[in-house]
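Going by TrEMBL, these are the annotated features:
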type	residues	note
ACT_SITE	Asp313	active site, for OMPdecase activity
ACT_SITE	Lys315	active site, for OMPdecase activity
ACT_SITE	Asp318	active site, for OMPdecase activity
BINDING	Asp260, Lys282, Ser375, Gln435, Gly455, Arg456	substrate binding site
DOMAIN	254-471	domain 'Orotidine 5'-phosphate decarboxylase'
Amino acid sequence: MDQTKLKELGLRLFEINAFKFGDFKMKVGINSPVYFDLRVIVSYPDVMDTLTDLLTEYIKQIKVDTGVHLCGVPYTALPLATLISIKAKQPMLIRRKEAKTYGTKKLVEGKFNAGDKCLIIEDVVTSGSSILDTVTDLRSEGLVITDAIVVVDREQGGAQNTEEKGVRMHSLFTLSYLLNVLLEAGRIEEKTVQAVAKYIEGAQIKSDGSFMKNGTTVVNELSRAGMTFEARADLAKCPVSKELLKLMASKKSTLCLAADLTKSEDILNLVEKVGPYICLLKTHADIVEDFSENFVKSLQSLAKKHNFMLMEDRKFADIGNTVALQYSSGPFKISSWADLVTVHSLPGQGVLKGLKSVLTDPILQRGVFLLAEMSSQGNLANAQYSAATMKMATEVDSDFVAGVVCQSSDLVTFPGLLQLTPGVKLEGGVDDLGQNYDSPEHVVKEKGADICVVGRGILTAKNQEDTAKKYQERLWAAYCERVGISE
């Protein structure tokens, strides 16, 4: 087996989000710090080709008795088994998850005889239950099953469980191997490897989903809300979110100022006063009556002086070609100065592709915050919309999505994504226009906010500098309490 190719494939799987770190609910009912979703590989023909080449080579290398047939565990392993069947010139069977109620009503499709041997192909194994379900159905048809080839063994008891049922499991990758590949490549740090290793050791599972040891308590140390910003920066796939997490940690600030003023001079004067206490400045360029190139240069100068990033709250919500023009052209030329912008997920993946298409200068690091939830009363962003937004944030363009605008602590599970939450005031409440407000402590500890947006709470204060400092201190104290560190 070519170890170089194997490691390159492991890195490629990480790049396309075939596996990711965070806090994920597993099929067996427990939460895990790492999640594999190999279904995405069907969108990457080069990955499919390389993976099945290596699997075909691996089958020959270990000299497993492949018998007559191949059978992929439905559904993700079906295309893998199909390609291996073609490459190895070996016939394949298809096992349905349920028998058809019409036609032949077969559970196993393909030509075979009782007593034939069949090699199982599976993508990811935790407890081994999916393999064993397939084995049970194939054996009921008279087929002989002794071996299974899997892409990834999560090392949580699957090999032992299948062995007990007379099936030897052979894995191309183990979770430990993949972690070491990422560590060697500088994609993750040792503490991430240790956190996952600790989880694996404590979460050994029987085929029925129960723990092998009674009284087991599983602790996920890669839960977003419980991790420090420094640790999360290591897992961020978007360069802007990686830098912003580091900035927040070094500056001890999670405060975003919404500078909703209409005169450039007023904005600049305000930012000069509160700049030392913020990590992010949120603007609405289209409300600034005297917007100019000099204003932008002054903002950039203040951002550099006080160490904060600029975010234009544009809320792009059109087709790709239109948002590309809105982003790069017109009177504001947003892409030339804003580190971050806000984007509605409503148009679909095309809105991100459109924005990315204008970023031709590799020196300019840019990112977006997707709107998954809103803080205004009666908004139409329901749970289904929010879930679809999160799916969009963590898949194809994860290198461009810095975070998500939302109100729920359990929505953002990936530690590399930032949760930005508006509607923060020293004292909570609702304004005359239906905007809800929560206290800094509630937003950070209960709602899970990483960055908290404050506008009128600072803008209308008699002493804006002192008020910004109060927000910064209370928000940071709440964050420290949330992750269990001293201030």
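Using N, Cα and C of the backbone, Cβ positions are placed for all residues, glycine too.
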Densest Cβ neighbourhood among Asp260, Asp313 (recorded positions), 10 Å radius: Asp313
Rounded Cα-Cα span from Asp313 (active site, for OMPdecase activity) to Asp260 (substrate binding site), Å: 10
Collapsed DSSP category at Asp260 (substrate binding site): coil
Whole-number mean of pLDDT values that fall within the domain 'Orotidine 5'-phosphate decarboxylase' (254-471): 93
Residues satisfying Cβ distance under 8 Å from Lys315 (active site, for OMPdecase activity), sequence separation of at least 6: Thr342, Val343, His344, Leu371
Tertiary neighbours of Gly455 (substrate binding site) (same chain, Cβ under 8 Å, six or more apart): Leu257, Ala258, Ala259, Asp260, Pro422
For Asp318 (active site, for OMPdecase activity): intrachain residues, at least 6 apart, with Cβ closer than 8 Å: Gln326, Pro347, Val351
Integer Cα-Cα distance in angstrom, Lys282 (substrate binding site) to Asp313 (active site, for OMPdecase activity): 6
